[in-house]
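Structure record follows, encoded as structure tokens.
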Number of protein chains: 2
Amino acid sequence: MINAPLSTASQPLRIGLAGLGTVGASVLRILRRQENALAARCGRAIRVTAVSARDRTRDRGVDLAGLTWFDDPVALAKSSEIDCLVELVGGSDGPAKAAVEAALASGKSVVTANKALLAHHGVALATLAEEQGVALAFEASSAGGIPVVKTLREALSGNNVTRLYGILNGTCNYILSRMEIEGLTFEACLADAQRLGYAEADPTFDVEGYDTAHKLAILTSLAFGTKIDAEAIHVEGISSIAPLDLKMADELGYRIKLLGVAERTKTGIEQRVHPTMVPKSSAIAQVMGVTNAVTIDADAVREITLVGPGAGGDPTASAVVADIADVARGTAGLPFGLPVARLETPTRAPMQRHEGGYYVRLAVLDHPGAAAAIATRMAEADISLESIVQRRSESAAARDPSGRSGAPVPVVLITYATSESAIRAALEKVSADGHIAEPPQVIRIERE
Amino acid sequence: MINAPLSTASQPLRIGLAGLGTVGASVLRILRRQENALAARCGRAIRVTAVSARDRTRDRGVDLAGLTWFDDPVALAKSSEIDCLVELVGGSDGPAKAAVEAALASGKSVVTANKALLAHHGVALATLAEEQGVALAFEASSAGGIPVVKTLREALSGNNVTRLYGILNGTCNYILSRMEIEGLTFEACLADAQRLGYAEADPTFDVEGYDTAHKLAILTSLAFGTKIDAEAIHVEGISSIAPLDLKMADELGYRIKLLGVAERTKTGIEQRVHPTMVPKSSAIAQVMGVTNAVTIDADAVREITLVGPGAGGDPTASAVVADIADVARGTAGLPFGLPVARLETPTRAPMQRHEGGYYVRLAVLDHPGAAAAIATRMAEADISLESIVQRRSESAAARDPSGRSGAPVPVVLITYATSESAIRAALEKVSADGHIAEPPQVIRIERE
């Protein structure tokens, strides 16, 4: 039975490669470098026969001689010269979607690294792949070189996943790591990240959490056997994080990470992306710089964490080539591990009913009784405080050695588990009371 | 093509379960709990039809009604009532080997958690599986619930692995973690580990590194595409580690872990198991208690680390069930990812030619000129020292406040990269010079 692909599928797998950027060029280099090993592993040769990209003249450092060139990726997808389309064009719609649909519709397997495409059209594309009896593989779409798709789809077959959380965006983790270690502002670290090529000229997509959300949408589906529901994700980015938050986190035994979290709660599947306080001793807190990590809690395996590069040409190409090898071997399986008809429509857990601990930083005006008024508002909402830290602001101290200046003083509250709605309601009252100088900073705490 | 297993293989996969200990009972429970999900994932039902264990009367907390009972696992393996043998008997030879061979020879797939069997007979068994065109899957044999076999065999298909290292024995990591955190002796922590069920009554197999070596032998083969060569592994255990070594490691920025390391060096494949100094900032250093972790360095993906439970009924069963699902889906592939004929016979890198940094702790007699004589011996062997730490022994200080007592004083040397033969030769001369009171403690340093 397992020798079937080796004996019957002796024809080479012919690859059409759409998109010749950093990842595409690396895929081409790896397929050539590993030609013999891959043929032995898959029982058949893997050969790139045709390519498509925007600019035919650009030097990509790889030899394109002998490959059929297509200006149009859709024409490549439909070509009878290929058996499998590797889509590295990017974008949730446009040519990427058209090419993937054309390939699947013409009975070709597809390997893609396109998280936006999957997050928006994953279920429809998987349905098409299933109807055609071909593969749709997307290991590289989430967490780059980390084999989290394969782990969720295959290695945890016997598990009920209860929670998945991860650092899925290297740009944000790089910025937060440098802010923490060097005490710099978000803006300074972002500028450095842009200079070093870790952040785009328009960084919104990364720093505001949308990139993490796309990846999380895919992983949630794999983890819980549910239809992708990207619109349900609560998304907050890291641009509001201040150096003071990182300093306070450190003092209180936490680090701040932009996490994507998917959890099965009693109200449904909760999906959220936001800056998160994680205990310094946790595995996820150790992950610094551009590295990604995903932790999966499940009933049988308890907890596993996968750490590795979430981006970059070679690591992403490593995942693309693994998918190509699965297609060549005939072991790619169903796109989401289950037939699409078996994927459940997830019940959305409303964010207002999220339960957990909170870090709240308030700029408290130096009014007599302000602290007591705040504490009362919390108590009224049944919110118990684990700790309260009040720091006299340094600038205020400089101006007025008596310590009373009228300038706002940072006060940090760490709450025990409460609900999002309770904390929001209490903080609205605190704001209305007129004791704080700016909107509260609220950062959720993730338990280990 | 990917729908083939779903449409043609609609017959249930009938499992024969040999061994009903903690892992076996958990496999049975998981297969029942996940019956519907697994059927949807695999396109066919998975059903345990027969079992074998030593004691028929023992209450295992699982219902065995309706299952055919075999006293002899070999009879189970040959039974026409099963399609796949799950071997959880254990042991490198005896009934486990006989049952696995019988199953493969009669055209049945095998799933096993048996590291000793694989380490000693893996290549022969894989050959038999290949000849019969059946699967031999062994995810649970190394690092328990961590999907490291699947990762090496499938997810890194496009990579050349350069090094693999891991914490593969929870007992040793538990003991070293407690020795470090609580300053206890090896003996005290071992006794506690035995009391808590983390260590066997005869702990030799775990604490002397043999368990780690079995697992490493399997992972080395998968990582480098070489035949298993368990006899080539240099093995040292942790029983010689003193609380002072952990204290000195801490001061110097290291932790001590029992690592299994496999590396492609210029002299061949180096395989070694020994207590190792790892930088405190490394991912592997964060892994405390009974948790396991494996780091893989490879050309395309750079570095990935997998962390999770290395033992225990449910986590090990999680890996066994994932293998069963692969067999049911028909996607298990070749046992080592490559045809056995393509596995290379590894060139053994001799341990004497190992290169790296060393931690050396000497009990130096309080002779004038002793330190200079030791430094000279190191210089003669071309060994450069990164640091030298001399601690006046506390007991000596208590006896003689002048600091000169004649009692040995601990001196720790950290060397830059040198060779095993150089360090051994230099330390032989140091011993012969008569300046040290006991044999030197030597711990290798692993670079990140």
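Glycine is no exception: its Cβ is also placed from the backbone N, Cα and C atoms.
Because TrEMBL annotations are produced automatically, they should be read as predictions rather than curated entries.
Note that the structure is predicted; figures quoted are calculated from it, not measured.
The feature NADP(+) binding site is assigned by TrEMBL to A:Ala18, A:Gly19, A:Leu20, A:Gly21, A:Thr22, A:Val23, A:Gly24, A:Ala25. Reduced to three states, the DSSP call for A:Leu20 (NADP(+) binding site) is coil. Packing around A:Leu20 (NADP(+) binding site) is summarised by its Cβ count: 22 other Cβ atoms lie within 10 angstroms of its Cβ, all protein chains included.
Taking a C-beta cut-off of under 8 angstroms and a sequence separation of 6 or more, A:Lys115 (NADPH binding site) has the following same-chain neighbours: A:Ser141, A:Ser142, A:Asp211, A:His214, A:Lys215, A:Ile218. What TrEMBL records for A:Lys115 is NADPH binding site.
For A:Glu200 (L-homoserine binding site), the same-chain residues 6+ apart in sequence whose C-beta sits under 8 angstroms from its C-beta are A:Gln194, A:Asp206. In the three-state DSSP scheme, A:Glu200 (L-homoserine binding site) falls into the coil class. The L-homoserine binding site annotation in TrEMBL covers A:Glu200.
In the three-state DSSP assignment, the secondary structure recorded for A:Lys215 (active site, proton donor) is helix. Look at TrEMBL and you will find A:Lys215 tagged as active site, proton donor.
Sequence annotations record features per position, and here TrEMBL assigns domain 'ACT' to A:359-444. Across the domain 'ACT' (A:359-444), the DSSP tally of helix, strand and coil residues reads 30 helix, 26 strand, 30 coil.
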Neighbour count, 10 Å Cβ-Cβ cut-off, for A:Val23 (NADP(+) binding site): what number do you get?
25
List, in sequence order, the residues of the same chain other than A:Ala18, A:Gly19, A:Leu20, A:Gly21, A:Thr22, A:Val23, A:Gly24, A:Ala25 whose Cβ lies within 8 Å of the centroid of the Cβ atoms of the recorded NADP(+) site.
A:Leu17, A:Ser26, A:Val27, A:Ala53, A:Arg60, A:Leu88
Given the binding-site residues A:Ala18, A:Ala25, which one is most crowded in terms of C-beta atoms within 10 angstroms?
A:Ala18
Which one of these recorded positions, A:Gly19, A:Thr22, A:Gly24, A:Lys215, has the sparsest Cβ neighbourhood, judged by other Cβ atoms within 10 angstroms?
A:Thr22
For A:Gly21 (NADP(+) binding site), which residues of its chain lie six or more apart in sequence with Cβ-Cβ distance below 8 Å?
A:Ala53, A:Leu88
